[in-house]
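S.K.: Grabbed the feature section from TrEMBL, which reads as follows:
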TRANSMEM  A:7-25  transmembrane segment
TRANSMEM  A:62-84  transmembrane segment
TRANSMEM  A:96-121  transmembrane segment
TRANSMEM  A:141-162  transmembrane segment
TRANSMEM  A:174-194  transmembrane segment
TRANSMEM  A:214-241  transmembrane segment
TRANSMEM  A:248-268  transmembrane segment
TRANSMEM  A:280-298  transmembrane segment
Amino acid sequence: MRALIDVPLMLLVTYTMGFFMYGFYRQFMARIQNRRGPPIWQNLYDNLKFFSKSETLSHGPMFFLGPMIMMAGAVTTVLFIPMLKDTAWLQGFSASGNLILVMFLMVVGPLGNALAVGASGNPFGVMGVTRGLTRLMGLEVPFFLGLALIMVQYETVSISAIMAAQPTLAEWTLVTNPLIFLVVLLPFIASLNASPFDVVGAPVEVYSGPRVEFGGRLLGILMTQNMMLSMAKYVLVVALFMGGASNLLELFVKVFVLFMLTASISAVFPRLRTEQAVDFFWRIPLGLGVVAVILTLWI
Amino acid sequence: MYHKTGCEGFQCEDQTLGADLAGVRDEQTVVDRLVAWLRQRSLFVLAYGTGCGAIEIRPLMTSRYDAERFGIIGAATPRQADVLVISGYLAIKTLKRVIRSYEQMQEPKYVIALGSCTINGGMYWDSYNTVKQVDHYLPVDLFVNGCMPRPEALIEGFVALQKRIADGEKGGWLRYRENLDWYKANQRRVLGANMLPDDTSAWLQVGGQA
Ligand code: SF4
């Protein structure tokens, strides 16, 4: 019964947070570049406008199903990550899932993406997907290593239990084991497709890559799923490293702080080439990851 | 003594701008208005850099004139774009590509043409390989005159277009759809044997989804 209210509410919260954060991001970037920037609602306007456009293009059923698979991936990811602790609300289906499941669900998006782009056959799209999959080789190893270390540290795979184990600032994973946070942070930025790891959708190199064939409504769906999945990842990192949140305001503030951190990193570093990015991931985050394994397991 | 009571000449632009939309406004439902308002607030621009005007698009989009504050931002591909900016004279060879780009844009779509070259040929008036009136080949929604219009003029053009969209203008794409044969005949006349294949406009003829 509670799920009936929980599910729409969680989706709504994620969506709202998504367009607010990314609207803020555009203003933030504008200020850095010494201009005014669009209003904070701009992403909402863009998104709703795309839903009101026509979509006349078709490359067969997979082209249509791909975005649906991605959307389904985003929605399920949102629903399997508990948003709050110490309450029965906004838990979604997290009781029947765990961190390992969430790790799997996060890969559904790229899969749907590759299927849709493959169906369209656009060379720029294929180029974008190839870049994405190459980058995935680099980022997944340290990212999942970091998440695995968290599971080892707390000896549980339940996100709620991990949140519950960090009641105060001193017990946050960020404080008790900052090395894991460093290991996860950069792959996390890459998995959000933000600069400096944004080779996949680079607008002037591969003409927005995987999105190149999408116009009207399907592009609207892709934007929505991108915003929601990113927010789900932020909520996950907040839960794992910053002790989760016990009310929506706290969640919002913590996500915002994390968002500002990643946005500032994105704002100052230029785009890396694909092989540079993979190189980087295999060297720094993975190297740190190995050190973190030794520290977490034997010390 | 001369006493000025109303606007004169180009000062009347503001009044004449929306005059033909007076009736349209009242017919709109609340949802129509909301959608129209969202559309004007978010214009993805496909800047087709023909002629001299491409130079003016850069300052428009970057820090100095910052078109993003009006919700105007560059689109990566024609499929994602709402507004096609034709920035100057169109060579016949380019015309083919512009038409192709335009037909791939998703509706509703708008066209802004810059410079006197797009209006009447401008200084390329007697050139052998440019088209004189772009309006004959593509449905232009708004001309910005000048040679070359500065970014301020372009912003004014965009704002005027936004105002018209909010007031319920349907956009030239409907005109293109309804008079497709006329546009195609004009295009065929200049392109000749070089006429583009109709795979991007076929859906307009079979009455594809609007
Ligand atoms: S109107 Fe003037 S500036 Fe514009 S394309 Fe023609 S000649 Fe060039």
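Note: Cβ is positioned from N, Cα and C throughout, glycine not excepted.
All TrEMBL annotations are machine predictions without curation.
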S.K.: Counting Cβ pairs under 8 Å that sit 6 or more residues apart, are there three or more between the transmembrane segment (A:7-25) and the transmembrane segment (A:280-298)?
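M.R.: Between the transmembrane segment (A:280-298) and the transmembrane segment (A:7-25), which are separate recorded stretches, there is no contact, as judged by 3 or more close Cβ pairs.
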S.K.: Any chance the transmembrane segment (A:214-241) and the transmembrane segment (A:280-298) are in contact, meaning at least three CB pairs closer than 8 A with a sequence separation of 6+?
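M.R.: Contact between the transmembrane segment (A:280-298) and the transmembrane segment (A:214-241): absent, because fewer than 3 Cβ pairs are under 8 Å.
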S.K.: Counting only CB pairs under 8 A, let me know which of A:96-121, A:174-194, A:248-268 has the most with the transmembrane segment (A:280-298).
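M.R.: The stretch with the most close Cβ contacts to the transmembrane segment (A:280-298) is A:174-194.
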S.K.: Residues of the same chain, at least six outside the transmembrane segment (A:96-121), with any C-beta under 8 angstroms of its C-beta?
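M.R.: Same-chain residues near the transmembrane segment (A:96-121) but 6 or more away: 59-63, 65-70, 72-74, 76-77, 80-81, 128-129, 132-133, 136, 144, 147, 150-151, 157-159, 162, 191, 210, 212-213, 225, 229, 233, 236, 240.
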S.K.: Residues of the same chain, at least six outside the transmembrane segment (A:174-194), with any C-beta under 8 angstroms of its C-beta?
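M.R.: The answer is 106, 135, 138-140, 142-143, 145-147, 149-150, 153, 200-201, 226, 230, 233, 237, 241-242, 261-263, 265-266, 277, 280-281, 284-285, 288-289, 291-292, 295-296.
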S.K.: Short question: which residues 6 or more past the ends of the transmembrane segment (A:62-84) have a Cβ under 8 Å from it?
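M.R.: For the transmembrane segment (A:62-84), the list is 7, 10-11, 13-14, 90-94, 97, 101-102, 105-106, 108-109, 111-113, 115-120, 159-160, 163, 213-214, 218, 221-222, 224-226, 228-229, 231-233, 235-236, 239, 244-248, 251.
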